[in-house]
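Among the features that TrEMBL reports, active site, proton donor/acceptor is placed at 178. Residues or ranges marked as Zn(2+) binding site by TrEMBL: 21, 24, 116. What TrEMBL records for 11-206 is domain 'Succinylglutamate desuccinylase/Aspartoacylase catalytic'.
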């Protein structure tokens, strides 16, 4: 995947979301820290807002309360009449869309970084939803280069017709950040440090972009799902084998199926 040019308009509003899944604690810890002292995420001329997206789930240290917040930012749910009868996460999605959107409008935030953990050993991973988004390709290339020699992977979840209902999809430029392995409900110092650096380099890139720095065309290696392969099963449908250690680090984000990723 390559990039030839980037957008010309400056980036003005950035949000950093933690706690979309309440038991993924790195983003929760960082956002709470930045809410108390946000000096390290501030850049001249840029509004950066840290935000806990699912506070009830964070309080209970569970993925969600009624339904997955990261799956309900579609037109149907966002357009429902506000009511106490709605699932908590749908009501919360409408609140977030009001604060940072509306989704698909010129008034929406320019960039949302949505911070996640995974139990998979997939290291530092950036999630891209549009292979033609030159701005994000340049940003991801900058982050990867800045993190080196620490590996950083790019997971492309582009679909020709599917409109994503992720929390970050409210923004013009949605960025998923997923770092692992880390057990749910646990905080690891090394994982926290890696995610913190990813945000630092992303904000540095935005600052450089706003200052008029030119970025040459670049190429970016990405992974995407080619097919899903189930476990071997016996005649009763029970799992009859386990994943070989050499393949154990391959996982498609938060999806349960074993993904074969190709680039």
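Quick reminder: no glycine exception, Cβ is built from N, Cα and C everywhere.
Keep in mind that TrEMBL annotations are predicted by a computer and have not been checked by a curator.
Since this is a predicted model, take the numbers as computed values, not measurements.
Taking the Cα of residue 178 (active site, proton donor/acceptor) as the reference point, the closest of the binding-site residues 21, 24, 116 is 116. A simple Cβ count within 10 Å picks out one of the recorded positions 24, 178 as the most packed, and that one is 24.
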